Amino acid sequence: MKRVGSQPAKIQKKYRAEDDAKDPIQVYCRIRPVQSSLESSCIKVLSDTEIQIHCPPDERGISREGQFSYKKIFTEYETQEVVFQDLGLPLIEQLLTGKSSLIFAYGISGSGKSYTMTGNQEDGGIVGRCFDVIFNSIQNYQARRFTFKPDKLNGFDVYSMEDALFFKSEDFKNNVKNPSKTSKKKDGDTDRIPFNYKIMDIEQDVAYSVFISYVEIYHNYVYDLLEDVSDGEIRRNSKIIREDSNGNMYVHGVNEQEVFNADEAFEWLRKGQLRKRTAPTFLNMDSSRSHTVFTIRVVQAPLDTDGVSIIQDKKYTVVSQLSLVDLAGSERAGKAKTTGQRLQEAGEINKSLSNLKQCLKILYENQSSSNLRNIAEKIPYRTSRLTHLFKSFFEGSGSIRMLICINPISEYTELLPVLQFGEMSGSVQVKRTTPLRMDIGLTPGRRKVIDVQSINRIPCVIEEDTRFPQDNKINYESKENCFGSYLNLGPPLPDLEVDDLLDNEKRQQLITALDQRIKKKEELRALLITQSNDIRSQIVVLESNYAGAKQEINSLQILRDQDTNKVKQYQNKSFLLENELASLKRKLEFMDNENKRLKSDLNAKDNMLNQVSVDKDLLKQKYNTKIVKKQEQLSREFKDKWKVQENEFEAKLQDKKRKLRHIKNIVESTENIPGHFSRRIVKRTLSDESLNKIEPVVNNGKPTDSKQNEPSQATLRYLRSRRSKSCDPHERWIEHKPPVPIPLQTVMQPKLKKRKSITKLTDAKTVSNNGASKYCLLTQGSDEQGIPEAKLYKADIIQTMGGGAQVVFNDVETLKQDSPLSGSPVKNRIQAYNNEVKAHRGSPEDIQSKCYGIQGGYTPTSRK
């Protein structure tokens, strides 16, 4: 892993999503091999990325076909290793750099999903090969067991070496007390064939730990497959899904096992598979009845300055996960022949898969350019536990890949929805995330420096370390320095002559020296043999290292050849792209010319629009001036009209006051009328036109003679029956009357030609917006004697400045009939009154000067 940046680290989130950058969901397709050549296939592979499905002709001879494209298509001849290198290996590299990923295996029942994910002992699947690659890459950089422990909140706590040793002792005691917890290999199980691949470019100044968890989603409930229960037990407590402080979803209370090698991880996987719910159906003898999620979490923490201990600050810990989801296959009850419990399981499986399709479809519609809605539709993640668990991935916490598994001998109607869903999923965009690599400002490569210094501190110690060949060179040099001290072959031989050989003492000295030298020679020979064996062992180690390096070189050469082929392909593509670029340049020139022409047309139209806008502003200003003048004129006219109406009302008021004075004078003048004539009560109506012509007689209260008391100044006239003249036929009235009026059959009935009759007055617009100038309210009741009568309340409607109307009542008329069986009482009273006037006065002109339009009433009694 390459280090990003060189400044001290700042506390940030574990993942930082780039708002603008998005990546599509990469969808792969794998075709299951056909067991028999006689079986017909409806699938045809067109290229590495395109596939075609066709339907055989029906009864009418009509056949249908469709073409779909994916990231890559694995044919029936592709091996598990090829599938893993294209699908799983890039995600392992992202996992070791601190980035999370998710893989879905989707398809109908019996399409090969479980085989692709788990495989078998001889040919491992994606999960087992992930174990091999991870532990091959981090085997020299793993942290001590129990250095990291889950904190039950989707995070990890970091402990010191002493705490790790204490936890290890406690775990050892528990294993001794409960030996059944240790997994044992069953009889008949063959040894697993490991996948030899190693990622070289990883961060060496950090310590790694691997944790695994295995859950299943059955009937929309989450169960832990690694829970501490006896083998074969199925009923377990369901788990809940929660959200951590970083917004990531996780299964609360799930058992996370720390593993140190691929075999240990594979044993836990096998233990969980034994507890997974499976059942035979007509389509598959080992059909999965639940969705399984296998999660690999890699915890990384940087080393301190010495490069020996781990920094125990939790904020520098980086946690990444790889979730491998084996979805249960969708199936039809009629074809799978499921009943009872199996039918209920199939219904729950199809329901959860349908919700997954719906969530991805809504994501696609919200991101589609044809979506015209301003507010994006809410995605129903919580409808299913499957989508709720991976909500954070769909919202941008990691990359997503999907593997569509198909069985070519399946029916067209079964394969078509699967292929359509896969192609639609490839169009969904998720936010791109970049892993946060902590740079705490320490020296890079400090782990390797410490190892070399530890060797240089002990110069004469022979160690077998196969990791660093240069260390062996240092050991050889130190051995040569040590070997130089043994080059002395013993004590020197005494100087003797021939005669001295006859001397026993000197001869004995010579024999002793020779014996010492022979003994020393034997010691040196034994040392030489030991050193030779050591050298041979070192040569064997070097040869093994050389074989490993040679194999690694061969793999690198293969990668180089693949890169060379890719370079050639890229060169061909670049040649094609250059030609296409040239054509695009020509198109660009043409579009530039067209753009210039359109700009000139646009400028001309802009000038025209500006001119139209100027003309419009001038016209608007002109009409605004006219409107202001018209408003002022209307205001003046309204004020003049208001003054005229006010003067008219004032004149009418003065006229009424004058008429009232006349009535007073008439009443006073009738005191001198003798006999039965004086008993009548004289009334006058305001509607009599004679009052406008005759001046009233005013009595100043002075004593007068008998001649002055006679009503010589008033002139009485003959009364006659008539209809009401208060209703002008040219005026527009609003007649407000009861819903069911009672006909009175009186003589005085109003004639309203232009009217609008209403029974209820609930809205002011009925009066203001109707164009009427008069208002008439009819009420019916009875007088004190119980005789039916009707009253007409008349008023003028005056329009106001605010658009409303004001109703001013100015007259009240009463209509009633006393005795309808004896003729008209009004005519009888008028005739009697006229006869009395004739009898009292001989000249009608004198009587008319006294009475003014008397109408109705009874004959008054004489005053005493």
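Easy rule for this one: first residue shown is 1, then count along the chain.
The backbone N, Cα and C atoms fix where each Cβ goes, glycine too.
As annotated in TrEMBL, region 'Disordered' covers the listed stretch 693-713 rather than the other ranges in 168-188, 693-713. The Cβ of Ser109 has fewer other Cβ atoms within 10 Å than any other of the binding-site residues Ser109, Ser111.
Cβ environment of Lys113 (ATP binding site): Ala105, Tyr106, Gly107, Ser288, Asp326, Leu327, Gly329, Leu403, Cys405 lie under 8 Å away, each six or more residues apart in the same chain. Annotation for Ile108 (ATP binding site): same-chain Cβ neighbours under 8 Å, separated by at least 6 residues, are Gly329, Ser330, Glu331, Ile406, Asn407, Ser410, Glu414, Leu415, Val418. Compute the center of the Cβ atoms of Gly107, Ile108, Ser109, Gly110, Ser111, Gly112, Lys113, Ser114, which mark the site for ATP; besides them, the chain residues with Cβ within 8 Å of that center are Arg32, Asn284, Gly329, Cys405, Asn407. The average pLDDT for the coiled coil (539-608) in the predicted structure is 88.
If you draw a 10 Å sphere around the CB of Gly112 (ATP binding site), it holds 19 other CB atoms from the protein chains shown.
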